[in-house]
Structure formats: C-alpha cells, structure tokens
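Enquirer: Once you've had a glance at the structure underneath, I'll fire off some questions.
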Amino acid sequence: MRRDVRILLLGEAQVGKTSLILSLVGEEFPEEVPARAEEITIPADVTPEKVPTHIVDYSEAEQTEEELQEEIHKANVVCVVYDVSEETTIEKIRTKWIPLVNGRTATGPRLPIILVGNKSDLRPGSTMEAVLPIMSQFPEIETCVECSAKHLRNISELFYYAQKAVLHPTAPLYDPEAKQLRPACAQALTRIFRLSDQDRDHGLSDEELNAFQKSCFGHPLAPQALEDVKRVVCKNVSGGVQNDRLTLEGFLFLNTLFIQRGRHETTWTILRRFGYSDSLELTPDYLYPALHVPPGCSTELNHRGYQFVQRMFEKHDQDHDGVLSPTELQNLFSVFSGAPWGPELLHTVPTQAGCLPLHGYLCQWTLMTYLDVQQCLAHLGYLGYPTLCEQDSQAQAITVTREKKLDQEKGQTQRSVLMCKVLGARGVGKSAFLQAFLGNSLGEARDPPEKFPLHTINTVRVNGQEKYLILCEVNADSLLDTSLDTTCDVACLMFDSSDPKTFVHCATIYKRYYMDGQTPCLFIASKADLPEGVAPPGLSPAEFCRRHRLPAPASFSCLGPAMPSTDVFTQLATMATFPHLVHTELHPTSFWLRGVLVAVGTAVAAVLSFSLYRVLVKSR
C-alpha cells in the first residue's frame, strides 16, 4: 500500500476548487478566496487511512499547460470539480478534463478520477442523472460526490473517497463493463481460497471461514453473520454453498459483491494480507523478508518450519498413503507461480516408486533451506506461511546457525544439516557414490551420470541423533579454478582403487585446499570390487593418510548383490559433527590406545620419580 497520497483538484474557474480545500482545512467557509490555494499536507494521524495526504489546487489563470501536465504526472488521483448549478461545467468533464488527465494514456493504468459536484446548496435535487452516462463512458471514474463548500457538506467524504481511490483502487480488481472480477484478481483470490481450504474438500467450513476472517480482519464472524453470508450466496449463486461450505464460486461472488457495493477495501485487505501488491503480484517484501546470515553461518528450518511443511504434505496427501504422487505434488504447487521442483528430484532425495515420501519431502526442504534460503522463503510465502501460521513473516521458520569457527573452537557442532564436498578425478565414481546414498543404482538409471544433480541429501544417525547430510559433487574441471569454494563440514576425497593416478590427484587436492585447515577429510577408495592397481613410486594411500594423521582410506563399491554399506556415510557425518577429531581419534580403538598411553606415561613418570628419590636419599 502507498505511503502517501497526492490529490489534484481540477475544473473550470469559479466551480469552488479552492473553497473546498480551505473549507476542509479551516472547517468553515472562507469569506475571501484566493485564486489558488497553496499545497496542503494533512498528517497521517488525522486521516481515516492513516496515510499522509497532499492536496494540490489548480488555477487555469495562474498556471501554464506544462505546469498542469507536471501536476497531473505527480498526482495519484484527480478530483474533477463541477458546479451543479452550471450544466456547461458538467459537459466540460467529458470534453476537456478527462482527456487532459488520461488522454495521453492509450494503454496501461489510468489515473483514478473522482467527480465532485460542488455548490449543492444552490440547486435542489441531484445531478446524478447527468453524470451517470459520463461515469459509464470512462471506467477510471471511481465515484461521484455532491457537496457544498459553503455548508461544509460532504467535504471530508470527498477527500476520503479520493484517498480510497488510491489506496484501494477498483480498476485492478473489477471490470465495470463486464461486471465481473478481472482475471488477475480472480486468480489471486482463487489462490487465497485454496490456501484457506485446509482439508482440501473444495469448500470453506465455518471453522475455516472463521480462521480466514480472523487472519485478515482480526476477529471471527458471529454465528448469525456466518449464516447471513451463506444465505446471500445461496440466493445469488448456484453452487455457491455446498454441504454447508462456501465454495470457490461463492467466495469469488462475495468479493465481487463487496466491490460492486463500494467496499473494495475489504477485498484489498484480503489480498494484502496474503502478500499482494496493487498490481496483484506477490510483493518482494512478502516473498523475501529480511533475514541476516553472517559469513560462516548456515540456514536450517526450525521446528515451526518443519511443522508447517509437514502440515502441507499431509494436506495434499489425499489418499493418506504416506507419499505424494505426481498429481498430488502438482496440487501442492498450484498456489505457486510455477512448479519449483522438477524431475531431478528423483535423484536428489529418497523417493519411492516415482513418488515422494514424507522423508524425501523433508529432505528437499532441508536442502533448499541450506543451499538457497531466499528460495525457501519464497516457497514458504507461496504456501501462505505468515497468514496460516499467524507469524510476521516466513523468516520465523528459519534458524541461522552459529559461525563455523565457533563450532571448531568448541569441538562440536549444533548444526543438524551437514555439508560434505565430494572431490576427485573424472570417472572415479562420485555420481554413483551420491546416488548410493539414496539407495539408487546408476545401472538402473536412464540418464548418463553427467545429467545427475550435483547434490543429494539423506539422514544418518550420529550418537543417536538424526542429522541431514548433504553430498555435493565437485566437478573435476572446476578444481583448477582458484576461486573454487571448497568450504564444507567434511571433505570426501575419492579415488579409483584400480587407478593409482587418481589417488595422486586426490593427494594434490588435499594439499592445495585442506592440509593447512581444520576441515575433517576422508579418503575413499571407490570401485573396491576391482583388482588394486600397481602403485607408482611414492606413498601408498594408507601411508599418505598415516603420515598426515588422517583416518585410513575407506573402501566403497556400488557393485555386488547387496546395497553398499552405509557405514561410510555415518563416518562422514560423525567427522562433520565432531570437527576437532580431525585425525584417527575417530576410531574407538584410538580412544582406548590414547588412554593406555596416558596411563603408561603416568606409571613411567612415577617409577622414575621414585628411583630418583632413592638415589638422592643414598647420596646423603
């Protein structure tokens, strides 16, 4: 909604434009009237809509044509004033003033116009019969107000209607010639209806209507008011109420009725509560609320966010089979501007026979929140999170984690979403590794590996806690890029156990990107089902890891009758959760060994101290 309103008064000389302004401000009819009033600013706290309002007068005798066009360009609404006792001033509305205001606007939005019949004290009766044909000819005319500056009649109402024409315009909502909602308005209201229909039975129950009413207007409807609404709809729309529930047709009819009766602010209140702008598009402020993410921090859905997206899953799982079919997923996206998740979803999260189970669905939301929180905020906005959850914005569904360096200092992370970069030469099996994390086999896939997504996500358990682990495949060619972002919670360096050259490549990556840092690293020997290749001169993988105090290389193979072991994924998640255990301390035996060494060291020190004591005693 606009932050201020600029009203311009136009009309023939002596129709009372200046008198209207001065009567409004002074609350009395002025005895002496200047040729033109200075611009008046009415503070927000004294206007009905709580918006600052600027009122601008015009004098044909004092201002040029260029100055007039400049004022028209700056105005938000124009009041064309005529003298009810002078028919020639009414005719000038059609022939002069409206062409001046909107004559140069062949297409696009036109300035709203309020017709103002002044000096109603000089003529009995009304001029509405003479004005109605003009209103029918020019749809930009919002309304007509008859008033008297001398008797202070309808002065406040005139400026209220002018404000209303700007803040709650009719033109984007309603086509007066067709006497129906404009397509963009009907589409926006249809989306709002679908969001409010929580049980997806194609009707709003009394409970859903009251929730909608409370969300938009701050209070529920009285039981009698609910019945009155449904009675009006039943009387006017066939099928507007079915099974005592308001249907989409009934909902659209009610909003049409509001507009036809001059209560279009009611429809605008609904639209703006659900994030729409004056152009009937979701505003950037609604879709992308402010969310500060400092460097080194990540973003996750919090409990409110997970509860909401799970609620959306259950709402659209119409057959209650625990998965979203392609049709059910399409229904979920019907309130979006377009389907955000494509066929790559099948190779990104765990799926079930081409359908999306709740587990995979939550994984996808988690991945999106981590990789692109702005997109996540927009998706939550499309689903109506702020309205349906009665929150200020969807930013309240997001948690920003503490900085990674603090995790490293404390030796443990509180993050529930962990990032693992998978690096290695081309052809070592990175794509197969990512798909194995989902329980998929590349052998069964129709697409070549290069067409697979670069991210997969699943859950693993670390010390009894569930963690989301994201595997991110780093393209082999991008490793030559000095600006490559290798930041992660754990690095997986993959080499082909049958091709020693690929290990040399991994060792180079480790030395370049990770050797001097604190990121845990795990070397993985892929294709463990193949014979081991002849190692070139130099350190073997096991010796290299031992020298650099890294865990021993883990073996991995996608071939065989059984699914690949998930132990390696658990190991990666554990290393990411406890980043201070960068070296071999991750193995249970090393904890025991370290304890033994400490105990032995203590015993040796005690023996040496006792022996030294005996020598000193004897020397005395």
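Placement of Cβ uses the backbone N, Cα and C atoms for every residue, glycine included.
According to Swiss-Prot, the protein has these features:
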{"type": "BINDING", "residues": "Thr18, Asp57", "note": "Mg(2+) 1 binding site"}
{"type": "BINDING", "residues": "Asp317, Asp319, Asp321, Glu328", "note": "Ca(2+) 2 binding site"}
{"type": "CROSSLNK", "residues": "Lys96", "note": "ubiquitin cross-link"}
{"type": "CROSSLNK", "residues": "Lys119", "note": "ubiquitin cross-link"}
{"type": "CROSSLNK", "residues": "Lys164", "note": "ubiquitin cross-link"}
{"type": "DOMAIN", "residues": "2-168", "note": "domain 'Miro 1'"}
{"type": "DOMAIN", "residues": "184-219", "note": "domain 'EF-hand 1'"}
{"type": "DOMAIN", "residues": "304-339", "note": "domain 'EF-hand 2'"}
{"type": "DOMAIN", "residues": "415-578", "note": "domain 'Miro 2'"}
{"type": "TOPO_DOM", "residues": "1-594", "note": "topological domain 'Cytoplasmic'"}
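How buried are these features, and what lies next to them?
Expert: In the three-state DSSP scheme, Asp57 (Mg(2+) 1 binding site) falls into the coil class.
Within 10 Å of the Cβ of Glu328 (Ca(2+) 2 binding site) there are 19 other Cβ atoms, across all protein chains.
Within the same chain, no residue at least 6 positions away in sequence has its Cβ under 8 Å from that of Lys96 (ubiquitin cross-link).
Under the DSSP three-state reduction, Lys119 (ubiquitin cross-link) is assigned to coil, being neither helix nor strand.
Reduced to three states, the DSSP call for Lys164 (ubiquitin cross-link) is helix. Within 10 Å of the C-beta atom of Lys164 (ubiquitin cross-link) sit 23 other C-beta atoms, taking all shown protein chains into account.
If you average pLDDT over the domain 'Miro 1' (2-168) in this model, you get 91.
Same-chain residues lying 6 or more positions outside the domain 'EF-hand 1' (184-219) and placing a CB less than 8 Å from one of its CB atoms are 172-174, 226, 229, 242-248, 251-252, 255, 267, 269-271, 273-274, 276, 280, 315-316, 318, 331, 334-335, 383-384, 387-388, 390.
Across the domain 'EF-hand 2' (304-339), the DSSP tally of helix, strand and coil residues reads 23 helix, 2 strand, 11 coil.
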Enquirer: With Asp317 (Ca(2+) 2 binding site) as the reference Cα, tell me which of the recorded positions Thr18, Asp57, Lys119, Lys164 is the closest one.
Expert: Lys164
Enquirer: Measure from the CA atom of Asp321 (Ca(2+) 2 binding site) to the CA atom of Lys119 (ubiquitin cross-link) and give the result in Å, rounded to a whole number.
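Expert: Cα-Cα distance, Lys119 (ubiquitin cross-link) to Asp321 (Ca(2+) 2 binding site): 71 Å.
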Enquirer: From the recorded positions Lys164, Asp319, Asp321, Glu328, pick the residue whose C-alpha lies nearest to the C-alpha of Asp57 (Mg(2+) 1 binding site).
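Expert: Checked the recorded positions Lys164, Asp319, Asp321, Glu328; minimum Cα distance to Asp57 (Mg(2+) 1 binding site) goes to Lys164.
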Enquirer: Any residues 6+ beyond the ends of the domain 'EF-hand 2' (304-339) with a Cβ under 8 Å from its own?
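Expert: For the domain 'EF-hand 2' (304-339), the far contacts come to 191, 194-195, 198-200, 282, 352, 354-358, 361-362, 365, 369, 379-380, 382-385, 388-389, 391, 396-398.
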Enquirer: Starting from the Ca(2+) 2 site formed by Asp317, Asp319, Asp321, Glu328, give every other residue of that chain whose CB sits within 8 Å of the mean position of their CB atoms, in sequence order.
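Expert: Other same-chain residues with Cβ inside the cutoff are His316, Gln318, His320, Gly322, Val323, Leu324, Ser325.
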Enquirer: Cα of Asp319 (Ca(2+) 2 binding site) to Cα of Lys164 (ubiquitin cross-link): how many Å, rounded?
Expert: 47
Enquirer: Please report the number of other Cβ atoms within 10 Å of the Cβ of Thr18 (Mg(2+) 1 binding site).
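Expert: The answer is 21 other Cβ atoms.
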Enquirer: According to DSSP, collapsed to three classes, what secondary structure does Thr18 (Mg(2+) 1 binding site) have?
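Expert: SS state of Thr18 (Mg(2+) 1 binding site) = helix.
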Enquirer: Can you tell me how the residues of the domain 'EF-hand 1' (184-219) break down into helix, strand and coil by DSSP?
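Expert: Residue counts in helix, strand and coil order: 25 helix, 1 strand, 10 coil.
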